[in-house]
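**Q** Here it is, the structure, as structure tokens.
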Amino acid sequence: MANVTVVGAQWGDEGKGKLVDWLSHRADVVARFQGGHNAGHTLVVGENVYKLSLLPSGVVRGKLSVIGNGVVVDPWAFVAEVDRIAQQGVVITPDVVKISETATLILPIHRELDALRENRDDGEPIGTTRRGIGPAYEDKVGRRAVRVIDLADPAALKARVKDILHHHNALRRGLGHEEYSADQLVAELTEIAPKILPYAAPVWRVLKDAIKSDQKVLFEGAQGALLDVDHGTYPFVTSSNTVSGQASAGTGVGPRDVGYVLGIAKAYMTRVGEGPFPTELHDADGQMLGERGHEFGVVTGRKRRCGWFDAVITRQTLQVGGVHGVALTKLDVLDGFKTIKVCVAYEVDGERLDHLPAGKEAQAKATPVYEELQGWEGSTAGARSWADLPAEAVKYVRRIEELIECPIALVSTSPEREDVILMQDPFRS
């Protein structure tokens, strides 16, 4: 398999950025296929720290970086991120970055609607980043979205704005909010258009040509499988499909071209925002995981909820996502724990389950059944071979591998790019 698809196997924040960066030096093209600028990732390259939200990780290495049609693009956020990364010495030009001409745009009305819904008093918040991702996807499915290509045609742009505001202004009136001016929105989009259009391209063809010429493509997922709109902990999910199948639909390549699917999973669990979390810890162990793992969101700065590794739910996401191998990250965060617990089943209303139930109410009742493993005193930080790991750490990794029923392809032992133990090369598998 010449290509590799990287997806999160938990609730996001698994360390995909580092692994994508680690793999990208061997890739020719890096492509994003879903989400927006709501999920951030941090790359540590030498002494430089890059924080990206929308741009594919390959940009920091000068790789051709593609934003696929499955991504919703905030044009103002894109320009701001390009400017910020450029100030760190990264060269970003239309030759390096391509945006799908059919990608949906996130507009100011989407951000405002997102915030209005999260702030309402009569409903349960989802815990969104309030960046307009969900409302933009709603308009895409509703066939009224403004897309990148519309910026190139003033007449078409006015028609699209009229159509989308017919819907949104009705919503705004119902929420007690003033209507948005069509002239204002057209003016805002017309102003930003020259900064976006040079990057617009038929990315399906760009990727087809790359694959045809035997270039290696790295498909970069955002968030995680447990936030997938179909397969996640609904309704506490994102608004797109995050599993590997979306790599095809979200870029325009065929399913056979997504290649080796690498699922990223932390050696423990974290979650940002609302929703069920069976193994969540509210004690000193949970606090220690958060402090050691620096568990704060890149985009929002929100503190992440922490818990023990959940083998049940991770096994489920790996199967749904067609994952070939797992990258286990942040093993070093578990250094020093005398006992480490792993969830091996759930109990719901007295019944033992080997999967997460589909219903929101049943998920909230799921109580973890734990298996206790011995911790280790030595350090795993910076380890690059099995010989560098304490014996109990090796046993932990092997037990996780058995429980999730999927090979551990590599282990990450620090934020540093090269601190990786490789067992199975995704590009050669």
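Every residue gets a Cβ built from N, Cα and C, even glycine.
For reference, Swiss-Prot lists these features for the protein:
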- 12-18, 40-42, Arg304, 330-332, 412-414: GTP binding site (BINDING)
- Asp13: active site, proton acceptor (ACT_SITE)
- Asp13, Glu14, Gly15, Lys16, Asn38, Ala39, Gly40, His41, Thr129, Arg143, Gln223, Thr238, Arg302: IMP binding site (BINDING)
- Asp13, Gly40: Mg(2+) binding site (BINDING)
- His41: active site, proton donor (ACT_SITE)
- Val298, Val299, Thr300, Gly301, Arg302, Lys303, Arg304: substrate binding site (BINDING)
**Q** Out of Asn38, Thr42, Thr129, which of the binding-site residues has the smallest number of neighbouring Cβ atoms within 10 Å?
**A** Thr42
**Q** Going by DSSP, give the three-state secondary structure for Lys18 (GTP binding site).
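**A** Helix, per DSSP.
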**Q** Taking every protein chain shown into account, which of the binding-site residues Gly12, Gly15, Gly40 has the largest tally of Cβ atoms within 10 Å of its Cβ?
**A** Gly12
**Q** Taking every protein chain shown into account, which of the recorded positions Lys18, His41, Arg302 has the largest tally of Cβ atoms within 10 Å of its Cβ?
**A** Lys18
**Q** Which whole number of Å gives the largest C-alpha distance between any two of Asp13, Glu14, Gly15, Lys16, Asn38, Ala39, Gly40, His41, Thr129, Arg143, Gln223, Thr238, Arg302, the residues noted as binding IMP?
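**A** The IMP-binding residues span at most 34 Å between Cα atoms.
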**Q** Give me the Cα-Cα distance between Leu331 (GTP binding site) and Arg302 (IMP binding site), rounded to a whole Å.
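**A** The separation of the Cα atoms works out to 22 Å.
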**Q** Fill in the CA-CA distance, Gly12 (GTP binding site) to Gln223 (IMP binding site), as an integer in Å.
**A** 4
**Q** What does the structure give for the C-alpha distance between Lys303 (substrate binding site) and Gly15 (GTP binding site)? Integer Å is fine.
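**A** Cα-Cα distance, Lys303 (substrate binding site) to Gly15 (GTP binding site): 16 Å.
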**Q** By CA distance, which of the recorded positions (Asp13, Lys18, Arg304, Thr413) lies nearest to Asn38 (IMP binding site)?
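**A** Spatially nearest to Asn38 (IMP binding site) by Cα position is Asp13.
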**Q** Pop the Cα-Cα gap between Arg304 (substrate binding site) and Gly15 (GTP binding site) into the table, whole Å please.
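**A** The separation of the Cα atoms works out to 14 Å.
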**Q** Tell me the Cβ neighbour count for Leu331 (GTP binding site), meaning other Cβ atoms within 10 Å of its Cβ, over all protein chains shown.
**A** 23
